[in-house]
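A short worksheet on the structure shown next.
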Amino acid sequence: MFKFVKSSSDYTNWYFHKNSEIAFWGRSNVGKSSLLNALTSKGLAKVSKTPGRTQLINFFENELNQVYVDLPGYGYAKLSKDLKDKMMAMIEEYLLNRSNLKMLYLLIDSRLGFTKIDLEILSFLKENNLNYFIVFTKIDKLNTKEKNELNKKIKTYLEKESFNYLIVSSETKYQIDKLKENINSNF
């Protein structure tokens, strides 16, 4: 069973331990908290309809000493530029300096596909040789035509870049077990 360990705004407050950890990141309102709750089968993370709620790095741990990290979302326009810059610096510091981090799960909203900011984040991850796995969220919100469009976008992007991905739904639990298997392979 997972439990909340702590929230942190900078390096001095990180949760220090010797175990492996994985992190979840994506646009604001992409469904990070809902996905964490689907993966852990409990209301671990606070889910909000308001984007930009998570503004700290949140650490969770289970009895197997597996650590999940919930990173603040990016791209929320209503936050001040100063706060957005501070949050991005905090996340960058975490991603570039966290030796415990084994895999970053980058969440992409299936309804939007790859946005400009998602592509910028992917470039940052590649430039810094960070391990990442793409998770397309909210597939349950798409009709058949939209699912076909998403698959075309993924195929087009795969022609340019190679990446591993899964399409999931926190709501219906579609492919959540496959994602759990992937996550467990990183511990």
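Just so it is clear, glycine is given a Cβ too, placed from its N, Cα and C backbone atoms.
Database features, via Swiss-Prot:
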- 18-187: domain 'EngB-type G' (DOMAIN)
- 26-33, 52-56, 70-73, 137-140, 168-170: GTP binding site (BINDING)
- Ser33, Thr54: Mg(2+) binding site (BINDING)
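Overlay of Swiss-Prot feature records on the structure.
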residue: Gly26; record: GTP binding site; Cβ contacts under 8 Å, 6 or more apart: Lys32, Gly73, Tyr74, Leu106, Leu107, Ile108, Asp109, Asp118, Val135, Thr137
residue: Leu56; record: GTP binding site; Cβ contacts under 8 Å, 6 or more apart: Ser7, Ser8, Ser9, Pro72
residue: Lys138; record: GTP binding site; Cβ contacts under 8 Å, 6 or more apart: Val30, Gly31, Asp109, Ser110, Arg111, Ser169, Ser170, Glu171
residue: Val168; record: GTP binding site; Cβ contacts under 8 Å, 6 or more apart: Leu35, Ala38, Val135, Phe136, Thr137, Ile139, Tyr174, Gln175, Ile176, Lys178, Leu179
Least buried by Cβ count (within 10 Å) of the binding-site residues Asn29, Ser33: Asn29
Neighbouring C-beta atoms (10 Å sphere around the C-beta of Pro72 (GTP binding site)): 24
Lys32 (GTP binding site) CB neighbourhood, other CB atoms within 10 A: 27
Averaged pLDDT score, the domain 'EngB-type G' (18-187): 89
DSSP three-state assignment (helix, strand or coil) for Lys32 (GTP binding site): helix
